[in-house]
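Per TrEMBL, the features are:
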type: DOMAIN; residues: 354-386; note: domain 'EGF-like'
type: DISULFID; residues: CYS376-CYS385; note: disulfide bond
type: DOMAIN; residues: 828-860; note: domain 'EGF-like'
type: DISULFID; residues: CYS850-CYS859; note: disulfide bond
Amino acid sequence: MVFSYSPNATQPGLFALETTLRSMDYDKSSIFFFTDSASSLVENTMNFTDIVKTAVERQIEISIVIIPPYGSTDFCLDFGSYEIYEILAQQTGGNFLNFCQKYTSIVDPVYNFIASYGSNHHHNEVVAYQTVSDCSAVTLDIYLSSLASNAFVVITSPTIQNFTAQVTDSNTGAQQTLIPNSRYVPFFTSYQIKQDSKSSLKYQLKVVGGVKEQCFVRVTERSQFSAYLGFSPDPSTDRYSPDLTYATHQQPVIHLSSTLQSEPDIQISTFDNTGNIVFSSKFTKRTSGCKYEYIANGEMTCQSAGDTFTTEVLITTNEVTIQRTQRAFCSDLVGCLNGGIMLGGSCQCVNGYGSFHCEVPTCQNGGVVDNFKCDCQTGYDGDTCQYISCNDWNFVETHDPREYNFQQIVFVVEVNTKNMSFADAYLYKNIQSFVDATDDLKVPKQYTLITFDDQNIRTVASTTNKDQIVNAFLNDIPVSLNAPTQVKGLEAINTAYSTLLDLPGIVYVFGATDPFTNVAAAKQRFGVQVNIVWFSTETNNLNPANVNHYYTAIAKQSNGRVLPISPLDTVSMLSSLAATVKENQLILDEAAENCNSGVNFKFPVGSLATTLTLVATGTGISVTVTDENSNNVDLKNSSTFTDANTLIRTINTANHNGGTWNVVVKGTSSCYLQARVNSPLQVIPRFTNDKGQDFGSGTPRVGAGNNASSFITFRIMDSYNSNSNNFGSSITTIEFVDTDPLYPWKTTTNAKNSTVLPRDPVGCASQFVTPILTWTSTNMKFVVRGKDAKNNSFQRTFFFNKNANKSDCINGSTVDNYGFCQCDANHFGDLCQLRKCTNGGISAYGLCDCPNGYYGDYCEKYISA
């Protein structure tokens with residue numbers, strides 16, 4: 001080619017290329033661009049990016065040839081003036097030849113380049129393409145699809161003038177013949193691979209005699225088989241894009257131009273512009289009807305908008321292995337990610353994300369950013385590592401709805417004593433109304449009657465038939481004038497525990513005589529609420545402080561009630577107790593030593609609560625109530641029980657918004673207040689020795705080990721369900737303080753607050769966990785606070801003691817430092833009480849129910865004859 005005139009100035013070469021691209025009708029084509037001038041545009045302009053994007057999407061190679069002005073290198077610009085063209089060729093998979101530098105050639109290199117490469121590269125599929133920083137150490141594995149295909153090796157370099165290649169069979173080591181089809185073209189070489197007739201079609205390519213400078217290696221073959229690559233943001237739809245969008249995570253999809261003889265195994269690898277592998281994944285076949293019929297198992301992303309990368313696909317069947325490589329484009333992102341909002345032309349980021357598009361997460365708990373995602377440390381997960389992960393998901397508890405109301409009702413009644421003669425007479429005559437009010441035909445309740453005196457304990461009846469339980473009261477509540485000083489009340493409570501099989505259960509203890517000492521009965525029981533109804537004919541004994549301290553402790557630690565009343569009020573008390581079956585959440589349990597001037601108690605009532613029940617006890621007690629709007633609440637229509645020392649008021653809160661309520665309790669001495677709600681926002685505690693444990697104990701194990709500490713996990717019922725009113729509810733803090741069940745005002749020291757940590761809401765049944773908490777007294781009160789789905793405050797109150805014992809763990813188990821049972825290989829459960837059944841056996845009530853043909857303690861034996 002002869003150039004008669006070349007102006008000494010920059011030229012709009014990129015505009016010419018852009019115009020050429022728009023005029024081309026066919027994809028998978030080539031552009032040869034010859035120039036002797038620098039570009040008038042720079043790389044970061046929109047035109048340059050659009051050219052690269054269009055060329056890569058259409059798989060059009062752009063080869064750039066820099067020619068000396070006037071045919072003389074004396075007029076060449078410095079090497080950097082042509083850098084934009086070098087980048088363009090590299091990003092589109094083309095060749096960059098700069099003849100505006102010193103080289104040795106006996107013929108015109110431009111003519112030879114066109115004559116050789118220009119005539120042989122058409123209709124070729126790219127098998128492999130690699131950018132190599134050190135051309136002296138090139139080793140490339142390649143697969144050719146057929147012995148009949150015309151295959152070529154092309155090597156270019158910005159600076160290396162001459163190099164040769166070597167191709168050997170990977171299985172036999174036989175060297176294949178390479179036929180040069182380009183001569184005397186510096187910085188470029190091209191060979192046709194002459195395959196041996198017995199070749200395995202798997203080869204290894206090496207560059208021989210190269211130097212430690214950059215080069216680009218490409219292998220092509222003439223074939224009708226193509227693999228078309230796209231990127232899908234949603235694997236459930238047939239949507240795809242030819243580009244990968246910056247900072248997003250998408251799955252590559254593949255369409256094969258021809259149907260193969262057998263089902264292929266497809267693997268993709270992607271490389272950045274320095275040749276480093278950045279992604280690898282296998283593909284899965286999609287359902288019929290998808291245009292791109294294969295989708296990668298993994299997601300990938302790109303780090304720099306406007307950049308390109310290389311994708312290499314290996315397609316393997318029983319008959320053939322096909323390798324295809326193409327360039328792909330990282331397109332810029334429009335808008336904001338991860339919930340960010342566009343305001344004033346910039347993204348306002350939320351949820352712990354930042355940067356221009358809110359694409360970069362702020363990782364918590366030691367996590368680090370990798371590919372716009374947080375790489376979390378062990379024990380944490382979530383988009384920003386904000387969640388503690390669970391070791392194993394308690395699937396059954398996640399979907400267990402039983403805590404909505406009490407399933408089993410147990411009556412524990414003191415009989416044969418003078419103190420209970422009036423009360424028992426009222427009980428058996430009026431139990432019918434209680435049973436009628438609590439029975440549920442859809443989910444029948446289990447009713448149990450246990451009687452006790454100073455000599456005996458009897459389980460009289462346990463049935464779902466309400467007529468049978470009423471008859472048991474009528475026929476088996478003996479009345480006498482005996483006057484024992486102590487009775488077997490605590491032992492009877494233990495008996496009640498043993499009868500409770502359908503949890504959660506509620507126990508009503510009716511008594512008037514102090515029990516024998518039995519510390520074992522004071523242990524907490526999972527899923528059991530104990531309520532003490534204490535009868536006395538003497539008014540001065542009707543203060544809660546005068547109720548037996550064992551009874552009080554048992555009621556408190558189970559979130560139950562202590563109700564001192566006169567026997568004459570038995571009928572109205574039974575009526576008020578019927579509602580307690582549905583009052584499932586204790587939100588406040590406080591007391592004051594002196595209530596003569598009135599004591600103000602404040603607490604939040606969540607927006608989901610339908611009723612609020614107040615139980616105030618003391619001497620000469622009265623209450624006034626104001627709601628969340630500081631309006632006085634009329635208690636005339638909410639009275640469910642009234643005597644001189646106990647008031648029960650049930651308030652309809654369905655039409656109230658969440659907020660803080662105030663209750664003023666006034667009496668002539670000390671006073672006690674409990675506040676409960678009927679609400680679907682149920683908080684269920686568990687105790688563990690590991691913050692990632694999802695199978696916690698229902699009662700604390702503190703006291704059985706050397707360390708009086710525990711993690712406490714909490715589950716908000718149904719909060720995982722997006723259709724639930726609890727969806728999005730959270731627990732934020734916990735307050736814990738030493739307490740005395742009889743005299744709560746005496747123990748106000750050691751009050752502490754701690755942040756409650758979120759756990760994985762998908763992989764954990766209990767979605768929240770405390771840090772390790774230490775018990776500083778035998779009895780402790782814990783107040784849990786959080787926000788409901790409407791962002792209103794709520795709180796729940798629990799009492800936990802540290803009366804666990806090593807002997808609770810059975811079947812030869814031991815305890816760890818925190819008192820948790822360590823089971824052997826054959827048992828599991830909080831106390832190792834359940835057997836691990838083999839051969840399909842089912843563990844039930846501590847035994848194995850074996851399938852036909854198997855027997856033994858663990859179904860480990862087979863009846864062979």
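Please read every residue number as a count from 1 along the shown chain.
Yeah, the Cβs are placed from backbone N, Cα and C, and that goes for glycine too.
Bear in mind that TrEMBL entries carry predicted annotations, made automatically and left uncurated.
Recorded features from TrEMBL, shown on the structure.
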residue: CYS376; record: disulfide bond; Cβ within 10 Å: 21
residue: CYS385; record: disulfide bond; Cβ within 10 Å: 24
residue: CYS850; record: disulfide bond; Cβ within 10 Å: 21
residue: CYS859; record: disulfide bond; Cβ within 10 Å: 22
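According to DSSP, the secondary structure content of the domain 'EGF-like' (828-860) in residues is 0 helix, 11 strand, 22 coil. A gap of 43 Å separates the Cα atoms of CYS376 (disulfide bond) and CYS850 (disulfide bond). For the domain 'EGF-like' (828-860), the predicted model reports an average pLDDT of 92.
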